[in-house]
Amino acid sequence: MIAAHLPVLVVLLPLFGGLLAALSRHNEAAFWIALVASIATLAAAAALAGQVMAGGPISYRIGGWDPALGIEYRIDAVSAPILLLVAAMGVAAIVYARRSVTVEIIPERVAWYYTMMLICLAGLLGMAASGDAFNIFVFLEISSLSTYTLIALGRDRRALLAAYQYLIVGTIGATFYVIGVGLLYLSTGTLNFGLIVERLPEITSPRALIAAEAFIVVGIALKLALFPLHAWLPNAYAYAPSSATALLASTATKVAVYLLARYLFAVFGIQRSVGPISVADALMALSLLAMFAASLAAIFQNDIKRLLAFSSVAQIGYITLGLAIANEAGVTGAFLHIMNHALMKGAAFMAIGAILISAGSSKLDELAGIGRTMPVAAGALTVAGLALIGVPGTSGFVSKWYLVLGAIEAGRLWLAILIVASSVLAVLYVGRILEVIWFREPAKRSLEAQAVPLSLLAPTLVLAALTIWFGLDAGFPVELASSAAKALLGVSKGALP
Amino acid sequence: MTDALAAMSPAYPLIVGSLAVLLFRRGVVQDALALLAPLAALALVWLVPEGTSVPLQWLGLQLHPVASDWLARLFGTAFALAAAAGVLFALDRRSTMERAAALLYAGAAMGVAFAGDLATLFVYWELMAIGSTLVVLAGGASQAALRYALMHVFGGILFFAGLGIVAAEPGGLALRVFQAGSPGSWLLLAGILVNAGAPPVSAWVADAYPRASWSGAVFLSAFTTKAAVYVLIRLFPGEAVLVPIGLFMAIYALVYALIENDIRRMLSYSIVGQVGFMLVAVGIGSEHALAAAAAHAFVHILYKSLLMMAAGAILRATGEIRLSALGGLAKLMPVTAAAMVVGGFSLAAVPFTAGFVSKSAIMAALADDHAALAWFLLTAVSAGSFLYAGLRLPFFALVNGKAPDTVAPLPVSMKLAMLVMAAFNLAIGFSPALLARLAPPIGAVKVLSADHILFQLQLIVAAGICFGVLLKLLAPKSRITIDFDWLWRELPAAVLGRLIRARKQLQGFFEPVLTTARSGIGERFPVWAVRLLEAGNWRTGDIALAATALLGLALLVAAV
Amino acid sequence: MATPRGILAIEPRRRRVLAIAVVVLLVLVGVDFFVEHHGAFGIDGTPGFAAWYGFASAVFFVALALGWASLAAVRGGRRDD
């Protein structure tokens, strides 16, 4: 009975959880509501993933309406891993939030904070679950609006500015997206993905379609911080509360990437050329720029949170690069990196968050020798850093391995070399952190660091451990990613010439 | 039973031992575990049947974690012996971190020797870098450890890049012979050569090893460079470019060893030189030459461990390691003195030491191949090696100069370790067949023949006369000589300083021009370049502009 | 007796050791005339080759090393030790 409604429950659970948390107006109660709701969501997502892996795509019609008129939720091999990832990261971030909010959020707002986290989760999960282009826009807005709030709740005054900037940029992105959806509706007369794909071959004038593609892709690119539309991200991540940063960095951009993959592969066709250049080539160029320019920028940051944020832009470059390579190994690499990067960056932001809470700073030059006083947090940060480089034995290696494999299979040796070369930049920025936190004599702040409560460390360590685990035994994530890749590429062949 | 054994890499006992050491407090149990691990590994080296283990599937790759043949067993035996003797020597060193790191390091080297495919090899290769860095770090020199780590990260990246490229070839991840020709094989070769201490990065050896603790250097001297030689024998036998590289290393190292004051730095340079001998032999590439290179690596591990032990013992007993500050230790530290002489003589290939056997094998292989230049140069270097290892080092440390009044007593374990290693050196020296059993192809070389012994004795006595005459010139002096590490330790700072000064000068020169240009063109150009990197300080309007521009561009292109 | 000066001024004990070494070398070269050689390059099979070649190489490398030391010596310690 419940199993049949899982596709919608996975969205409704956090949504109503958020509502309850808001009504409770009580910090402690809000936390427990958030925890229960997020764990229930995770269970639902896991059950969905299990069903999809066993029995193929699940279609759920809201209110029983036909997809042509109503809204269809569609969970398949592509969206199932995303749902699982977002739900899991939601649990981790909420567990982490319990202690971090006491330091970072004004007490009266803590309940709202949990509300916003849950609603953000609902929006993100909705984007992944829905098979309706306009419904996705609604969820996009839900997640965005809650995200603005989450960022703005940061104690630093610059958080307000960052949130404001993200608000403007996010709104532009959403507007572009909805214009694109409108154009798509004009040409096909439907908002349902499945029906759009069915009707595309009948369209005589591709002009409107190309315009729709441009609007939608640029709109999503803003959300996923594709270079050079990434400028909102560093400040937003740097000044948001630690648990919000961990949540956003590991889920928000990832869902946007998922959406991009959906549109590019299932709807528009990745190899389609717009004028003289194909979408894939343009995406590849921007991805490479992101990998190098953002990594370079990361090297020169002093605030570790900002450094990690720039690194996120670069790592998103790897993911979109995998999509642009557009063969099975490449897309598998992209989806693997979506998951692996979420885990490692979640661990990294949680670790630096713990350090920020204990030592009162996330500035590199003030954290000399913090590894001696906070070995556990610094150790988690180290594991995450090594994974960012792609050291074998960490999950980062596995995803880069598939990307390199994809590049070589596509006959682009130079691309494989560039992927490895950009890792050198990661060595530099991670190396800087490691050198300062482990090898320098402890600075004043490091010596005065408070003990970190277990509830901060536990989720951090779980993510770090998963980063190692999936580096050693990559079977589970690879299975998820490769079935996602197969599903995307399978659809892609039939979509457009 | 055999199947289970076939899947057991001799690396496992060492790695497990490394972890187990961390679990126990300092004491008898931990000591026993640390000693047992290398011995268990040694047993496995010979118990694992020859051939390749059942493949393991990982990420769609076929991995062969264990593959054994005579070459793997030779290196495995050497690594296990070095680890066992090293642990024995370091038995009363109060550093669990160093002990665990050393076992990990030895295990990784062992894993390299028994790796059956490139991916497994690479994993152990990197593990070796981590283990050795921790050993250096345990000596307390964090800056040197950092430089060491960076150097190995660099080598690892080269190796990995090469690996990625060659993995796409039809051979996949199989261990096979490469020709340095394609970018993939060049990168692979470069990555291995970094670990072998080849130019232009040779200086890392003499930079890092002498900064380890008195016991750490013993471990360091045994594994990394020899594992690199092993991999070269596997992947690049007969690669012609190795001959000039090896010759250069032999000569370079001799020059630095002759003028070095710090005993352990001298021995580190000597490692580079001896690896040079091995590289030349690998470059020659005949079956006999490859076996000679392997045999020399084996013997080198024996005598270099012994010498590093002697140096460590001196450092421990006197707190001093500079030749210029030492002297007259022969009477005070007889065991150490004997160890140093046996090790030095073995290094210099004095007859009836192990070094004589393996170096004769190399020279015979060169002669068979009619590699005249290499033969004459290496013979000359051999004579020079006796100068520093057989004469200068023992003379100034043990004989010449004023002995200290007292030295700290050495524990039995250290003496025992040195005696065992010295015994190995002499045993092989008197019975070359022992070595030939490990490396069958060198069995044909008649080492202990009259003309051969005479030849070497003349070489040595002649070099000795030279030493006697030029004694004062070779007296140790405290000095620092520029080495390759100037490239990465001084040059960047110098260039940076120069650039900053140049920038200031240029600014002074161009400032007026720029100011007018800026007001003329408007400020946007340079600002954009900076902005693109320094995102986060973009104005919201700029982001919107970028998005609109991208959209406009897409639409424009589409409209064309 | 004047104290020895310069690098070639040799104190008596060292002179004795050197003399013994020279005698040993002469004996070795002498014996070398009576054993069978297996030289691979011609010259290396001649009696006494190792003696003069060893001496020449040793002198050459000492000269090379000291020459390099005087050229490339730097004063003071290293920046980042």
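Just so it is clear, glycine is given a Cβ too, placed from its N, Cα and C backbone atoms.
Automatic prediction, not curation, is the source of TrEMBL annotations.
Taken from TrEMBL, the feature domain 'NADH:quinone oxidoreductase/Mrp antiporter transmembrane' covers B:115-377.
Look at TrEMBL and you will find B:6-25 (among others) tagged as transmembrane segment.
Summarising the annotation, TrEMBL assigns transmembrane segment to B:32-50 (among others).
Summarising the annotation, TrEMBL assigns transmembrane segment to B:70-91 (among others).
Per TrEMBL, the feature transmembrane segment maps to B:130-150 (among others).
Sequence-distant contacts of the transmembrane segment (B:157-178) (same chain, at least 6 residues past either end, Cβ-Cβ under 8 Å): 61-63, 67, 115-119, 121-122, 125, 184-192, 194, 234-239. Taken from TrEMBL, the feature transmembrane segment covers B:157-178 (among others).
Here TrEMBL flags B:184-205 (among others) as transmembrane segment. Cβ atoms under 8 Å from those of the transmembrane segment (B:184-205) belong to residues 125, 147-148, 151-152, 154-166, 168-169, 178, 224-225, 227-229, 231-232, 235-236, 239, 241, 245, 248-249, 252-253, 268-269, 271-272, 275, 279, 483-487 of the same chain, restricted to positions at least 6 beyond its ends.
Residues 71, 75, 78-79, 82-83, 85-86, 89-90, 102, 105-106, 108-109, 112-113, 121, 125, 128-129, 132, 135-136, 139, 175-178, 188-189, 192-193, 195-197, 205, 208-210, 242, 264, 267-268, 271-272, 275, 278-279, 282, 290, 293-294, 297, 300-301, 304-305, 307-309, 311-312 of the same chain lie 6 or more positions beyond the ends of the transmembrane segment (B:217-235) yet place their CB under 8 Å from a CB of it. If you look up TrEMBL, you'll see B:217-235 (among others) marked as transmembrane segment.
Residues 180, 189, 193, 197-199, 202, 206, 232, 266, 269-284, 371, 373-374, 377-378, 381, 384-385, 387-389, 392, 474, 477, 479, 481, 483 of the same chain lie 6 or more positions beyond the ends of the transmembrane segment (B:241-259) yet place their CB under 8 Å from a CB of it. Under the heading transmembrane segment, TrEMBL lists B:241-259 (among others).
Look at TrEMBL and you will find B:266-285 (among others) tagged as transmembrane segment.
What TrEMBL records for B:297-317 (among others) is transmembrane segment. Residues 74-75, 77-79, 81-82, 85-86, 89, 213-215, 217-218, 220-222, 226, 229-230, 263-264, 267, 270-271, 274-275, 278, 326, 329, 332-333, 336-337, 339-340, 342-344, 346-347, 353-355, 357-358, 389, 397, 407-410, 414, 417-418, 421-422, 424-425, 428, 435, 438-439 of the same chain lie 6+ residues outside the transmembrane segment (B:297-317) yet bring a C-beta within less than 8 angstroms of a C-beta in it.
Sequence-distant contacts of the transmembrane segment (B:416-435) (same chain, six or more residues past either end, CB-CB distance under 8 Å): 81, 85-86, 88-89, 295, 298-299, 302-303, 305-306, 309-310, 313, 335-336, 338-339, 342-343, 346, 351-358, 442-443, 445, 447-448. TrEMBL lists B:416-435 (among others) with the feature transmembrane segment.
As annotated by TrEMBL, transmembrane segment applies to B:455-475 (among others).
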Non-local residues, at least 6 beyond the ends, that sit with Cβ under 8 Å of the transmembrane segment (B:32-50): 2, 5-6, 8-14, 16-18, 20-21, 24, 66, 68-70, 72-73, 76-77, 79-81, 83-84, 87-88, 91, 99, 103, 106-107, 110, 114
Sequence-remote partners of the transmembrane segment (B:130-150) [C-beta within less than 8 Å, at least six residues beyond its ends]: 18, 95, 97-98, 100-102, 104-108, 204, 207-209, 211-213, 216-217, 219-220, 223-224, 485, 488-489
